[in-house]
Amino acid sequence: MGTGASKSTEEGGSQGMGEEEERNQAGGQLYVSLKMENYKRKGDLIPHVYGSVPLVGSWDSSKALSMERESASLWELSFVVPPNHETLDFKFLLKPKYSNVLCIVEEGPNRQLIGGTLQGDARLALFRLNADEVLEYRVLIQADRVSPFDLAASWRAYQENLRPSAVRGIPDVSINSAPEMNAENGSSASLELDLEHYVVPAPTTSANSGLFYAANNTETPRSLTLAGVFSNMDGSGNVLHPSKDGSVSVDRPATIKEMQVIVPDSSRIYSGSGVVESKSVGTFSPSQKQDGHRGLLVDRGVGSPRLVKSASASTFTVDLRLDTETKNSMPAAAGAVAAAAVADQMLGPKEDRHLAIVLVGLPARGKTFTAAKLTRYLRWLGHDTKHFNVGKYRRLKHGANQSADFFRADNPEGMEARNEVAALAMEDMISWMQEGGQVGIFDATNSSRKRRNMLMKMAEGKCKIIFLESLCNDERIIERNIRLKIQQSPDYAEQPDFEAGLQDFKDRLANYEKVYETVEEGSYIKMIDMASGHGGQIQVNNISGYLPGRIVFFLVNTHLTPRPILLTRHGESKDNVRGRIGGDTALSDAGEIYAKKLTNFIEKRLKSERAASIWTSTLQRTILTASPIVGFPKIQWRALDEINAGVCDGMTYEEIKKNMPEEYEARKKDKLRYRYPRGESYLDVIQRLEPVIIELERQRAPVVVISHQAVLRALYAYFADRPLKEIPHIEVPLHTIIEIQMGVTGVQEKRYKLMD
C-alpha cells in the first residue's frame, strides 16, 4: 500500500476506529462491482480475476473467476464483503473462458482493495499480447453500502428466479378432455348456483356503451354550440336554457335562417375526366385534378414522399422539416405506429397529415356502429380521432321529429337543410384537424355523388378523404337494424306507436334508395355483406399508407356476432404477497383457491359454449390459474405477458423509491410513457397487444383472457373507449372477472367478484 494511504490511516487515529466500529454495528455490507472496459476484444480472450482469500482464494490462474459481459465493451464481477474486510490482493488476466491454454496476466504490481476502495494510483490494466502489441482496459470500481435486509430480499428473489417453472411441460396450445361431472374442487372453492350473487357494480366509466344510442356519443357540434344558438338539448332535439331560478325553458329548434352556411357549388367540383386504375379492384374510376397539374392523378396516399426542389441545387430532395402542425398531429404511440406516423407526417403531402373517413351507405346498414368501433380502435392505438355524426347536427339544428318527407330528394327545403348540416359537420371536422386532430370519421349517408363532391371540395388541400361504403343485401340483418333504430334513435323517441315509426323509417329508406349512387370516385373501401361475420367482401381502391392499411385490416376482421369476452387477472401469486413487481412465481394459497373458483365459474357461465377458448400469458401464474379448467382449448400468448419491468423486475416499489429515486419519480410523473430501464412502457404494451385486439374482434365464440394488471388495463381501455392517459390508473382488482358483452348494440360490461 502506498505511503499516502498509510499516512491517512495513521492520522485517523482512534476516531477512524470509532467510525469503523459504527459501521460494523450497523450490520451493513459492501456490494463491490469491478468493471473493465475495452472496445478491441481479442479473439475469445475474456477478462478474469484471481488473487488471495477471501476474494478468489488462489493465485492459480486455472481457478480465476470469469467476469460477465455487461455490454459489448464492458465486463463486470460483483461480490459482497464486510466493510472491515481484510486487504484483498488480486490481478486481472485474460484467457479463454473454458480453457487455460493461453493466460495473459496484467502488467504491474498487485492491486489492493481496502474498504471498497482501490489503493494506489489509478491505472489502466495493460496486457502484453506480444512484443509489439499491448491491450489496454479501463478499470472501474463501485462500492455501495447495502443492508442485510436488502441482501436477503435480493437473495430470495434470486432463488425464486432459479426455481424451475412448474409449467415447463405444458405446450403453448393444449386441449383438455371434457370436465368430470359433479367435480366441485373442494368446498372452499365452490360457488353459489346463481352467478348473479357475485355481481359487483362496474365503474361509472365502464364499457356500457350499448345502453345508449351510438350517435349520441359522437362529437358535439361546436359550430352550433359555439355560435350561441344552443346551450343544451333534450332527447327530442329541442333547446334547453337554464334560468336563474334553476328551472329549464324549452325553445323551438333554430330555423335555417338563424345561421348562414356557405355550401360549395357542387357543379364546379371534380368534373375532370381523368381516370386512375384501382390498385386492388382492377376498375377505373373518375379522379380529381390536383395542384393545377394536368393528366392522370396518381393518389400518393398517406406516407408517400413529397419531392421538394432545393433552391441551391438542380436535384430534388425529400423535405424532412417537422413543423408545429406536424408535431401536434403525432399520435401518442410507440413502435410501429410511431414509426409509421413519422414517415407519413414528415414525408407525405400536407393534406395527407389528416385523414377523413367519410361513411357512405343507406340507413340501417351499420354505418354508425362501424364508425364507433373504428374510432375506438384508432384512439386506442394513439391516434387523435373524433366521430362526427351528421344526424346529430340535423337533430340539433332542425329537431328530431322529421317525417320521411323531409328526406325526399324532390323536397328542396329538406335537401338544403341536410346539405347545410353536412357542411357544418365537415367544417367542424376540418377546423378540429387544423388544431391538431389526426383522423376524423364523418358519419352520414352521403348517398349521392353530388354530396360526396361537395365534401371533397371542402377537404381539398386540407385533409385526405377515404370513402367507407357499407353495403348489405341480407334482408334479415336490415330488418333487425331497422327495429333497433326505432327503439334507440332520438328521431322516434316521441313516437308512441312502434309500427307507425317502423313504417315511417321504411318510407325514409325508400326515399334514399331512389337516388342512391355507389362510390366509384377517389379512394374508397367497400364493405359488402360483412355484418354477419360469415364471408362477405371488402374492396379497396387507391388505398396506401400505414394508417389506411391498418384500417382495412381492422375492418376485415370485425363483425357484429354477439359473444362475451371474460377478462381476469391470475390468482394471487407469491410475488403479489411480497409486493414485488414482475417475476414468474407460482400461486399463493389464495391464488390456488381462486383458480378453482374460476374453474367453477367458467363451467357454469360457459356450459353451453363449447367453442369457447382460454387465453393465458406464458408466465406460470396465469397458466397455473387456468390449469384446473378442462374442456376448452388453452392458448398461451407471449403478447399477454405482464409489462416488462426491466432492471426493476422483482423489486418492490419501496425498493425502487429507495435505490432508484430518479426512476421512481419519472414513473410517477407519466406512467403512460414511462419505460422501465431495459423494460417497457404502457405504450409499448399497447403496441404488442394489437394482434390480440384484432383476434378478439375476429372471434365468434366466447374468450376467457387470464393475464396481468397492466395488460388487462390496456385491453379493458379498448373496449371501454377510455383515454390513453387513464390506462395506467384503471382499477383491475385480483380475483374479479370483467365480462365484456360485444354485439350489435355496442359493448356492455358486468363484473363478478369471486373472493376478496
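One-based numbering along the chain as shown.
A Cβ is built for glycine as well, from the same backbone N, Cα and C atoms used for every other residue.
Where the annotation comes from TrEMBL, it is an automatic prediction and has not been curated.
Residues or ranges marked as substrate binding site in TrEMBL: Arg569, His570, Gly571, Glu572, Ser573, Lys574, Asp575, Asn576, Arg621. According to TrEMBL, the feature domain 'CBM20' maps to 24-129. If you look up TrEMBL, you'll see 1-25 marked as region 'Disordered'.
Residue density at Ser573 (substrate binding site): 26 other Cβ atoms are found within 10 A of its Cβ, drawing on all protein chains shown. Taking all protein chains in view, 29 other C-beta atoms sit within 10 angstroms of the C-beta of Gly571 (substrate binding site). Report note: the substrate site is defined by Arg569, His570, Gly571, Glu572, Ser573, Lys574, Asp575, Asn576, Arg621, and the residues of the same chain whose CB lies within 8 Å of the CB centroid of those residues, excluding them, are Thr585, Leu587, Ser588, Gly591, Leu734. Cβ neighbour count for Arg569 (substrate binding site): 27 (other Cβ atoms within 10 Å of its Cβ, all protein chains included). For Arg621 (substrate binding site), the Cβ neighbour count at a 10 Å cut-off comes to 29, with all displayed protein chains included.
Sorting the domain 'CBM20' (24-129) by DSSP state (H, G, I as helix; E, B as strand; all else coil) yields 6 helix, 48 strand, 52 coil.
Put simply, the two farthest-apart Cα atoms among Arg569, His570, Gly571, Glu572, Ser573, Lys574, Asp575, Asn576, Arg621, the recorded binders of substrate, are 14 Å from each other. For Asp575 (substrate binding site), the number of other Cβ atoms no farther than 10 Å from its own Cβ, over all displayed protein chains, is 21.
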